[in-house]
Amino acid sequence: MPSDDFVKTARKALISHSVSIQNYTEDDCQIAFHATTNSFMQTIRLVHIFFCTFGAISSSLFIYVLLNSSSRNLHRNLRISLASLAFAALIACLQLDFIAFYHLALTLTADNACDSMYEARKCAILRFPVVLSIYATLCGIIVLAIERTIATLKYKTYEANGSRVVGLVLVTGQWFVCIIVAVFSVLLRSDPGYVHYCTAYVSHPRTSVFSLCFMSALEVATLVYFVLLLQSNQRRQVNEFVNKAMHSLSERYQLQENVRIMKILIPSITVHAILGFIGLGSMLAFAIIYRYADERLIVGFAPFSEVVLLVIPIYAVVFPIVAVVQNKQLRLASRRALPFLFNPESPETSEMLPADPPPLHKIITSRPSRQLEKESNTHFDLLNEMWKK
């Protein structure tokens, strides 16, 4: 496609008006009724209910683990950022669950085919939490990139000087920006009138394609940036081990923490990017098949839209699993906060359990590894004080 044609297509997509119609006929009612009640859409709704329910449970448990005292060994900004991402997924799962149940109940109780028509503005309000969650996830990933950049550049003083304030300010900014963008997006595309099916984007699918392309490109760029940050921290970590006398214990701890956090974030964001590309592929398929569709044929976009939205609950299920599996500290915190989900006899779990009380009579035993670690930390603290002098 020539560059001029591509620019014209992009401009047309970005300024596409809502596909709502001002007046509907009996034929419109029948089209909407068929789109709502056909067996394929009913199956998609049941799949939505299944994944959204498990996604909401998974996100809730993950947030509980991050806020529980068992995860206090994790970096506070990591907990804040991960909890923010999980909260965004939780909002979307709850709203998608509600929408699926609502549509299912409406299908079973509808007496008139015209009851399947939706007011465009009510549809926009109904789908607003989902749109908010999509932007909150993207903004959250960008916020993580900013926070990790600060931690990398200021690793010598980051742990001691205001890191909690940095995390809270960034997360507050994340939600402020995503709320403004989501409200603007909904207001821009919620024209008066009626739609045949209530999708997340009440507009032509071309708009969704270009929006998803932009978000996917931004996410891939952020992922590449995370990989570069990981390599930078690993190089500094190697230099720290070679020249230990030139680095304090706080600096060494922060470098190790940076590497551990990046190894959590990269797999999690990779999963989200892969799922996003799957959704983008579905949108592109529809845009190619229905390139010149008018408002009344856009209802065929509904199945593609619902399949794409499955990305959100699937990510809500996969994201906590990947984060827990990739990080031992987070895994141990999960075992302690949610013992009913894990094997209490696991060797990892035993590391988090309190030590047994000493016996009444003296016996010769080796000291617990945790005691040795405590004494080792005390020893290094003393050495650090000597180095400072």
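Any Cβ shown, glycine's included, is placed from N, Cα and C.
According to Swiss-Prot:
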DISULFID  Cys123-Cys198  disulfide bond
CARBOHYD  Asn23  N-linked glycosylation site
TOPO_DOM  67-81  topological domain 'Cytoplasmic'
TOPO_DOM  145-167  topological domain 'Cytoplasmic'
TOPO_DOM  230-268  topological domain 'Cytoplasmic'
TOPO_DOM  325-389  topological domain 'Cytoplasmic'
TRANSMEM  46-66  transmembrane segment
TRANSMEM  82-102  transmembrane segment
TRANSMEM  124-144  transmembrane segment
TRANSMEM  168-188  transmembrane segment
TRANSMEM  209-229  transmembrane segment
TRANSMEM  269-289  transmembrane segment
TRANSMEM  304-324  transmembrane segment
Review point. Hey, which bits of the same chain come close to the topological domain 'Cytoplasmic' (67-81), Cβ under 8 Å, at least six residues off its ends?
Key: 140, 143-144, 147, 151, 163-164, 166-168, 170-171, 257, 261, 264, 329-330, 332-334, 336-337, 352
Check your understanding: When the pLDDT values for the topological domain 'Cytoplasmic' (67-81) are averaged, what is the result?
Key -> 81
Exercise for review: Name the range, of those listed as 82-102, 124-144, 304-324, that has the largest tally of Cβ pairs under 8 Å with the transmembrane segment (209-229).
Suggested key: 124-144
Exercise for review: Look over the recorded stretches 82-102, 124-144, 168-188, 304-324 and say which has the most C-beta pairs under 8 A to the transmembrane segment (46-66).
Suggested key: 82-102
Practice item. Give the number of CB atoms, excluding that of Cys123 (disulfide bond) itself, located within 10 Å of its CB. Key: 21
